[in-house]
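What Swiss-Prot lists as ATP binding site is 152-207. Annotation comment: Swiss-Prot describes Asp279, Glu293 as Mg(2+) 1 binding site. Marked as Mg(2+) 2 binding site by Swiss-Prot: Glu293, Asn295. Per Swiss-Prot, domain 'ATP-grasp' is recorded for 126-326, and the stated evidence type is sequence analysis.
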Amino acid sequence: MFNVGANLSSWGDRVKSSLAGMDLKSLGRVGVLLGGKSGEREISLMSGNGVLEALRSKGVDAHAFDAGLRCPTELVKEKFDRIFISLHGRFGEDGTIQGLLELLGLPYTGSAVLASALAIDKIVTKQVWISNGLATPEYEELTATSDWNAVVQHLGLPLIVKPAHEGSSLGLTKVKSVEELPAAYKLAAGLDKKVIAETCIIGDELTCPLVGQGKTAEALPVIKIIPPQANYDFHNKYFSDETQYLCPTGLAPEVNAAVQTLALAAYKALGCRTWGRADVMLDQKTGKPYLLEMNTSPGMTSHSLVPMAAKAAGIEYADLVLWLLSQTLQQKEGATT
């Protein structure tokens with residue numbers, strides 16, 4: 001059995017209880033890693049500054065560290081006791097920085113090396129999910145020599161083409177004809193050596209934040225996303241005031257529960273910890289949910305979804321940030337899985 005909707009209020013109560021009894025001095029000097037070098041740098045800066053402000057508002061000795069402007073070896077000079085990772089995409093969400101922090105013996109928020117490396121690769125992620133019997137759209141890895149007609153015959157139209165290691169919809173194209181495939185591939189290949197095409201599931205776009213680890217992992221409330229013109233691109237994700245977020249979703253309770261169960265199984269299959277967010281499509285014809293991606297370092301901007309779900313469970317932004325950081329107190333050296 002999975003810990004889903006029925007435990008939401010108790011999760012919120014446990015968070016409040018744990019924070020009430022926390023000695024902030026035990027957190028020591030905290031580094032907030034932000035910025036970085038990926039295509040999601042701008043969003044990382046927004047997330048990181050929000051996290052930094054929240055921690056300081058709680059009285060935590062927190063300091064920004066721009067991983068895109070400073071040499072990682074400077075982390076040693078800063079004498080941080082623990083790290084809050086607010087990096088998104090490659091070199092921040094792919095196991096790279098996690099491996100460095102392991103070597104330095106610094107506890108950090110989010111998934112460890114292996115889970116981070118698995119989740120950043122959309123193709124490997126799908127392989128893990130499929131091996132665990134979890135529903136995800138049909139896919140193919142594209143190359144410059146792919147047979148475009150064969151791809152369409154396999155996946156149907158419309159289909160989605162995107163870089164395998166990018167997030168925030170960077171380089172993503174919804175392909176409606178075989179003639180559009182070469183250009184879509186070229187766009188994605190300009191950002192990544194590995195490109196994936198997958199069947200486009202038509203229906204409701206949902207996301208489900210997750211917290212915890214292993215047997216104690218839990219799914220937070222599901223959020224339904226309604227972007228303008230049904231286009232949830234980079235701009236509409238982070239800057240548009242026209243994108244609607246519904247929490248509660250307005251869907252039947254059993255549908256929400258099915259999405260939470262699927263998302264939690266996906267989170268556990270990858271070995272994620274602390275927090276994450278599963279993106280899901282709900283097929284309008286069959287009502288079946290399909291897994292798209294797992295985010296192991298979700299955004300924490302004003303438009304971000306994990307804070308929204310946490311608030312629905314009774315936890316405000318600053319308390320969520322502090323609780324996530326507090327999970328590093330439980331980490332043991334060498335926990336790379």
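Glycine is treated like the rest: Cβ placed from N, Cα and C.
Here the features listed in Swiss-Prot are painted onto the structure.
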| residue | record | DSSP class |
| --- | --- | --- |
| Val152 | ATP binding site | helix |
| Leu159 | ATP binding site | strand |
| Glu166 | ATP binding site | coil |
| Thr173 | ATP binding site | strand |
| Glu180 | ATP binding site | helix |
| Leu187 | ATP binding site | helix |
| Lys194 | ATP binding site | coil |
| Ile201 | ATP binding site | coil |
| Asp279 | Mg(2+) 1 binding site | strand |
| Glu293 | Mg(2+) 1 binding site | strand |
Residue among binding-site residues Asp279, Glu293, Asn295 with Cα closest to the Cα of Lys194 (ATP binding site): Glu293
C-alpha spacing of Asn295 (Mg(2+) 2 binding site) relative to Leu159 (ATP binding site), in angstrom: 21
Nearest of the binding-site residues (Val152, Glu166, Thr173) to Glu293 (Mg(2+) 1 binding site) - Cα to Cα: Glu166
Between Asp279 (Mg(2+) 1 binding site) and Asn295 (Mg(2+) 2 binding site): CA-CA distance (Å): 8
Neighbour tally for Asp279 (Mg(2+) 1 binding site), based on other Cβ positions within 10 Å of its Cβ: 20
Sequence-distant neighbours of Ile201 (ATP binding site) in its chain (C-beta under 8 A, six or more apart): Pro137, Met281, Leu282, Asp283, Tyr290
Using Cα positions only, nearest of the binding-site residues to Asp279 (Mg(2+) 1 binding site) (Val152, Glu166, Thr173, Glu180, Leu187): Glu166
